[in-house]
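Following: one structure in structure tokens, then a few remarks.
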Amino acid sequence: MALWPSVFLLGLLPLLGRGADQIQTSSGKNTLEGQLWPESLKTFPFPCDPKTLAESVPSESVHSLRPSDIKFVAAIGNVETAPDSGADDLEEQDGTEKRPEQACMGVVTVLSDIIGRFSPSALMPLCPETRLVPRGGAEDLWMQATELVRSMRENPQLDFEHDWKLINVFFSNTSQCFPCPSAQQKGLVLGGMDKLTRTLDYLQQEVPKAFVNLVDLSELAAFSRWRQGAQLSPAAEPCRCLRETSQLTKVLTQWSYLEAWDSLLASSKYNTQESFAVVFQPFFYESSLSALLAEPPLQDPTTLALSLWNRMMEPIGRKEEPFSEKERKPLRCPTQESPYLFTYRNSGQLTRVSQPQGKLEVREGTEIRCPDKDPSDSVPTSVHRLKPADIKVIGAMGDSLTAGNGAGSQPGNILDVLTQYRGLSWSVGGDQNISTVTTLANILREFNPSLQGFSVGTGRETTSQAFFNQAVAGARADGLIPQAQRLVALMKNDTRINFQEDWKIITVFIGGNDLCDFCNDPVRYSPQNFTDNIGTALDILHAEIPRAFVNLVKVLEISKLRELYQETKVSCPRMILRSLCPCVLKFDDNSTEIASLIETIKEYQERTQQLIDSGRYDTRDDFTVVLQPFFEKVNMPKTQDGLPDNSFFAPDCFHFSSKAHAHAASALWNNMLEPVGQKTTHNDFEGAVNITCPNQVWPFLSTYKNSVQGFGTWLPCRDRSPSASPPTSVHALRPADIQVVAALGDSLTAGIGIGSKPNDLSDGTTQYRGLSYSSGGDGSLDNVTTLPNILRQFNSNLMGFAVGTGDASGTNAFFNQAVPGAKARDLMSQVQTLVQRMKDDHRVNFQEDWKVITVQIGASDLCDYCTDSNLYSAANFYDHLRDALDALHREVPRALVNLVDFMNPSVTRQVFLGNPDKCPVQQASALCNCVLSPRENSYELARLEALAQAYQSSLRELVESGRYDTREDFSVVLQPFFHSIQLPVLQDGRLDTSFFAPDCVHPNQKFHSQLSRALWRNMLEPLGGKTDALDLTAAITLTCPTQNEPFLRTFRNSDYTYPSRPAVENWGSDFLCTAWNASRGVPNSVHELQPGDIKVVAALGDSLTLAMGARPSNSSDPPMFWRGLSWSIGGDGALETHTTLPNILKKFNPSILGFSTGTLEGTMGLNVAVQGARAQDMPAQARDLVERMRNSPEIDLEKDWKLVTLFVGGNDLCHFCENPEGSSEGEYVQHIQQALDVLYEELPRTFVNVVEVMELAGLHQDQGGRCATLLAAQSHCTCFKYSQSSVEMQELKKVNWNLQSGLSRLSYSHQYVQREDFAVVVQPFFQNTLVPLNGRGDTDLTFFSDDCFHFSERGHAEMAIALWNNMLEPVGHKTTSNNFTYSRTKLKCPSPDSPYLYTLRNSRLLPDQAEADPTVLYWAVPVAAGAGLLIGILAMVAGRGMRCRPREDPPLSLSTGL
């Protein structure tokens, strides 16, 4: 790495810390005896025992000099910090002039203190004062030396001739641009030595008995904030190489620099005497750039002194351990074997390998004797059918192992490791041939001699010899991204290859350098970042390079390098090893750091596995990435003596030699031929190089898709031809005519869990769309059975299938728009997205291409139905599914829609609850609460099963309605294979979970394969003869179209008639609510009123409340009032046969009073409605009602809770048509308010429903036929004689809307919120009145009475349902349109969390009265509620595609679609 300035702001030499400030250059006592251990060392342990090492007689030779022999310590050379940039005033500048002396003294005092433990009589240390103006470099150093000698001579305590002295000479070589990469470090050292010679000569000549430490501070001086006065020459400008030098270059240069100094000094005149020696003490630093940027350097002189002392305790040749700014090493002690300070003479033979030894290692070749070396008969289009001889181009990305650093270096020639022997690189080198050099490229050249892209010779990645070997020495995972970009550009621009057509193999190997630095920056080198960087680089290759097979080699188990580092019997430059890979080598075996390293290696390997297993790079048929795991487990090769065999390594013992490159190449090749899941993960370097031949039966390079054969299926069909010309009818559609596939649905169709490994619950969110039974297109039918893969056997140009993994928005999804967790209500959104995608995709001819769309929904609805039984009711399920299919029918031409049943919840329960030891029972509520949580034989379970049956009935009813068979080019076919599933049972009687994902809820690939076969079989079976059961263990063969029946089956080509729907016997409803009880005590507040608390019902209104004409009558008879069937007050029969509001309330309180029965006035109960009544009649009806209640002996007026429904306005609108000038919207509201005032003043404990007037014109428009005549002839309502487009009708619509608007404001009137036991709530279900339609799209007259104006019994039932559901909806969120479609299950249930009838207050639109200002109430609440009302209207309009009438300018007509 480059020697950036910030890197070397280390903590060992900032000597102006607290210790330096306390040092005195003189004292009253000039010896260290009795002095306290210095402040900076008080807490530092002193482990040495001076008594065991002491000698009574001082040594006569410097080569046997013990610490106890030393009497005096001194130093020359400036060791100081630069003045602060902020020290501008003279006072501050004067302070800095003393810093050199203080800094020097800070170091030598600590050294003296250490020596004082061995030699109590040692004198106080000395740094000569410098009062002269510095002249720089060698001159200053010499002047300090002369001053030092003078001071020592004049010191009366020092016996200058006989006492041993320790002199430290601090210098730096910064002017020499140290340490720029150079193989000629000797020249640099000689230059430095020349500058030091005068000083060293002087000391040797003048100072007897001296041990001189030559302390090199070059790295620090060059780039820190320190100002070194003892630089050997004036500072020069920093050289450019400092920014370009790699970590490897820096380390090797440090080593060679150290070796050069030692070699020079060992043979110099300074080490020939007995009384004088000079020893080079190096300081090379292990540093983390990120750490130094984050923290300021330590300001402690002790650090340098301790490190220098420890260096003195190391033999020459072993002073290799770099200094770490993060940790302070313990103080080292002299040993019994070596109790002296080390010199070049007493260190013995230098252990550092300094010169090349031996001859160039013999390179290992091999031979290939494969019988089949031929390419494919034609150039393959699929990467999964790629033979070795089909490869025409080779490339590689990575670090120095791929660059080939040191691969061809002679043993001992450490500096030559800087040479990148790319031609020998295991994955891409092409030197010579396979007989002499074993590399992947040379192996492939045996199959295709014309291979291009391999590297030859030596050089960096920028040289022409590198070709497509773009590995960069020192690269980490984040360096792969620029490498990928460079490789793509080179390939695109190289005229020797055909970029689009040539098949390429690219090998990616990275991670060693990331692991080596992991401990210094765990965030940068985290497993997540490592994988993300690899993913980004692979994304570039995937996006840019066609026809490519990418090898991603798992990261090397680099921790095994510790064996080589720790074995001292093996000659290796440990300084280099440790510097290159500190995080692997510098910690103890049982340390937490090593445990973390091993775990990180494992995570690197696992995350890369997950990245590739995701299918992210298997989205194209001409590209794949295959993980090659042969480096996952590596044993250190050993010699016959059992020692680590360094012949497999370059001279630095870190990089591979050509021998290791050969073994790696053969291991990679063999991995490439081994099936995924069966690849060798252990590489034995000690064995012979072995080259495997491709299997003659299966000669392809193994990929994820061609390695999995277990889920494939054989298609026996011989006739796979399309129609002679594209069919125009869906009933004449052959499989080969299908050009587009698509799918809608939930997690099953999205592919959740299909490809998950057993027991891997963490993979529960991956959407394996490429394996989805109805829309997946991964692999081929040979190994992945899906409907698209079957159809591709008939039409290889099929479009729309999903591949790989990802969500619905990704390109991999294509036309699989299923969304995990989707409910029926989400289908419409999926349809809209699908239609838009089809229209926008240029590959699809939207109008002409035939499409198969598979729809499956319902399971997720059942999973959540118990949370909101209203939202997930069968009626809503039917409506949502119908709306989605209607949209497909309306928008998509030439389509066959498969409507597939959902998996019965009983199946899920059996599997999940029957295997508690395998299934995550604790997660049942999260996975599918309403299906998995109910107990056996419980009411909740029975309700679930009933709802599931209702859902299934909805599927059949929709298809059999024939509404989707009105066009020749569109049909919906129910495929019932999922209706009944036979689960496999193991021999011990337990259910076989091998067909399910780890969550035991979703089917896995084994299950999906069976679903695909069953779906295909259903599509070829005629209606009326379709298989409606699935045996998961059955051998389902793929059937074929026959000559007589070559088409996909529809109702018409099956000669099938849908069964007629049974006649509806009554208009009752099924009651599915569970909480039927009233409140525990009679509530005092209307805002806590539950349905079971209601004791009395009553109604005000006109002939609609009287149920006039609800049942047919003789045309000659006057119309009858069927009060007992009235929607808001009728009580005939029971809810199961007659749906009315009182019959609903009877389910909660069978003793309810006030409802009407029959047709006579005597049984009218509290129904005070009057035929022809208008708003002006409401106050009188209110008074009549109050009087009847007072006079009823059954009613406790004060205590009984009452429910009053007021509905009027139709006659007011009719009156407007007769006399526009005589009608006023204000009067209408005023009359209603007067009636409410009466109720408010007279009735305690009352809940009032005010139902908004219906849209009169919209409800009766386009009735046609006899109704057109009857309505026009209405004498009491002349509105219908006008056309819908007339001015009169437009005015009527305005008035209609104004009446609704005025009425909605009543419930916010301040006077009706003052009492705790009274509430007025406007129920707006008629606000947007929708015309009910029949199956043909015409107005359904069965909702109307014989006069076409009033409602029939069916219409009354629908009004009752709408009113009840409105009452259970919060104010501001109420349904504002009627849904007049038949279903017995549309009634909502009170929510367990909020079981009350909704009022303004419990809808949280009204603050407590005690806290609210009435004036604020009156204005603020209507605004808030109005906004909520508007939102509700807009949501309804958007969801149903309806056009609602704006308040300002009503449209000419209403949409009549449901």
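Quick reminder: no glycine exception, Cβ is built from N, Cα and C everywhere.
Residues or ranges marked as active site in Swiss-Prot (evidence: similarity to another entry): S400 (among others). Here S400 (active site) comes close to L248, Q420, A471, A473, G474, A475, H655: these same-chain residues lie at least six apart in sequence, with C-beta atoms under 8 angstroms from its C-beta.
Within 10 Å of the C-beta of D514 (active site) we count 27 further C-beta atoms, all protein chains included. In the three-state DSSP assignment, the secondary structure recorded for D514 (active site) is helix. Sequence annotations record features per position, and here Swiss-Prot assigns active site to D514 (among others).
The active site annotation in Swiss-Prot covers H655 (among others) and rests on similarity to another entry.
Annotation note: N173 (N-linked glycosylation site) sits in a coil segment as assigned by DSSP. Residues or ranges marked as N-linked glycosylation site in Swiss-Prot (evidence: sequence analysis): N173 (among others).
In the three-state DSSP scheme, N433 (N-linked glycosylation site) is classed as coil. Taken from Swiss-Prot, the feature N-linked glycosylation site covers N433 (among others).
Summarising the annotation, Swiss-Prot assigns N-linked glycosylation site to N493 (among others). Sequence-distant neighbours of N493 (N-linked glycosylation site) (same chain, 6+ apart, CB under 8 A from its CB) do not exist here.
DSSP assigns N529 (N-linked glycosylation site) to a helix in the three-state reduction. What Swiss-Prot lists as N-linked glycosylation site is N529 (among others), and the listing cites sequence analysis.
DSSP gives N590 (N-linked glycosylation site) a coil state; it is part of no helix or strand. For N590 (N-linked glycosylation site), the Cβ neighbour count at a 10 Å cut-off comes to 7, with all displayed protein chains included. Swiss-Prot lists N590 (among others) with the feature N-linked glycosylation site.
Within the same chain, residues at least six positions away from N690 (N-linked glycosylation site) with a Cβ under 8 Å of its Cβ are S666, N670. Here Swiss-Prot flags N690 (among others) as N-linked glycosylation site.
What Swiss-Prot lists as N-linked glycosylation site is N783 (among others). Under the three-state DSSP scheme, N783 (N-linked glycosylation site) falls in the coil class.
If you look up Swiss-Prot, you'll see N1077 (among others) marked as N-linked glycosylation site, on the strength of sequence analysis. According to its DSSP assignment, N1077 (N-linked glycosylation site) is coil. Cβ neighbours within 10 Å of N1077 (N-linked glycosylation site), excluding its own Cβ and spanning all shown chains: 12.
Positions annotated as N-linked glycosylation site by Swiss-Prot, on the basis of sequence analysis: N1114 (among others).
Sequence annotations record features per position, and here Swiss-Prot assigns N-linked glycosylation site to N1379 (among others).
For 39-1403, the entry in Swiss-Prot reads region '4 X 308-326 AA approximate repeats'.
What Swiss-Prot records for 1404-1446 is region 'Necessary for membrane localization'.
Residues or ranges marked as repeat '1' in Swiss-Prot: 39-347.
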Rounded Cα-Cα span from N529 (N-linked glycosylation site) to D514 (active site), Å: 10
In the chain carrying N433 (N-linked glycosylation site), residues 6 or more apart in sequence that have Cβ under 8 angstroms from it: G365, N442, R445
Pairwise CA distance, N783 (N-linked glycosylation site) versus N529 (N-linked glycosylation site), rounded so that it is a whole Å: 34
N1379 (N-linked glycosylation site) in three-state DSSP notation: coil
For N590 (N-linked glycosylation site), the one of N173, N529, N1379 that lies nearest, given that the glycosylation sites are compared by Cα: N529
Cβ neighbour count within 10 Å of N173 (N-linked glycosylation site): 24
Cα-to-Cα gap, N529 (N-linked glycosylation site) vs N173 (N-linked glycosylation site), nearest whole Å: 39
S400 (active site) - helix vs strand vs coil (DSSP): helix
Local backbone state of N493 (N-linked glycosylation site), from DSSP in three classes: helix
N690 (N-linked glycosylation site) in three-state DSSP notation: coil
